[in-house]
């Protein structure tokens, strides 16, 4: 039987992987749409530095464009922290409600205008998209999961450290540490694979879907659902607890009925054997 600790880790690993898939998908689509990243800041910071020195290197955006993206991402992270302090273990799902609605409104604007009304101005709507990913980054790294799901650099470093531990273990150095590293490596591999899978999915969607401005429409709903599940891992929700309780009661009642039916079937055989013994006497 799987232990509760292993089952808890399995749930965390799969939630982290799903986060990575969604953010990888969103980054590919946002890169094509906005010429910027919505869920990670490294690329935006690099472009900011390049445009600051050579404004002609980007004929579509100024440095303020990338500053606005980084600032809005940070606002999402701050909002998550405030909500987490006010509602412990529920900050991610609560903070995501207004920002998911805001991102959905952005997608509605894109669909209504068919991306033809002042496209250069519509690209600034990325500042309404980035805050939601700021919540994702803060919730995953600072929450119960304790890992980044919007970038792979940290996970690659984790894997390289584990490889070093394996080398030293063959030399007789701390072999017990390998049991701890096993889960870390599995989590890192799943997040990296999820990010690549999400990027492939986004690229495939860009190829087969002619209307690109609808591709981000399901993202806010998916992110909110994942944040809801993420908060449930930190503190089980009453709704899920009630469902689990009813499921256990149902299982218990079915087992009790099976036992009663089995005992009733066994009773006649016992009586018949007693009658045979009396006849023999």
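Using N, Cα and C of the backbone, Cβ positions are placed for all residues, glycine too.
Per TrEMBL, transmembrane segment is recorded for 12-28 (among others). Counting residues 6+ beyond its ends, the transmembrane segment (12-28) has Cβ neighbours under 8 Å at 37-40, 133, 136, 140, 144-145, 147, 149-150, 186-187, 190-199, 201-203, 205-206, 216, 219, 222-223, 226, 229-230, 233 in the same chain.
As annotated by TrEMBL, transmembrane segment applies to 64-82 (among others).
Distant neighbours of the transmembrane segment (94-112): 76, 79-80, 82-84, 87, 122, 125, 128-129, 131-132, 135, 213-214, 216-217, 219-221, 223-224, 227; these residues of the same chain sit at least 6 beyond its ends, with a Cβ under 8 Å from one of its Cβ atoms. The feature transmembrane segment is assigned by TrEMBL to 94-112 (among others).
According to TrEMBL, the feature transmembrane segment maps to 124-145 (among others).
Counting residues 6+ beyond its ends, the transmembrane segment (185-205) has Cβ neighbours under 8 Å at 9, 12-14, 16-29, 147-149, 152, 155-156, 158-159, 162, 215 in the same chain. The annotation transmembrane segment is assigned in TrEMBL to 185-205 (among others).
If you look up TrEMBL, you'll see 211-229 (among others) marked as transmembrane segment.
According to TrEMBL, the feature region 'Disordered' maps to 249-281.
Annotation comment: TrEMBL describes 272-281 as compositional bias 'Acidic residues'.
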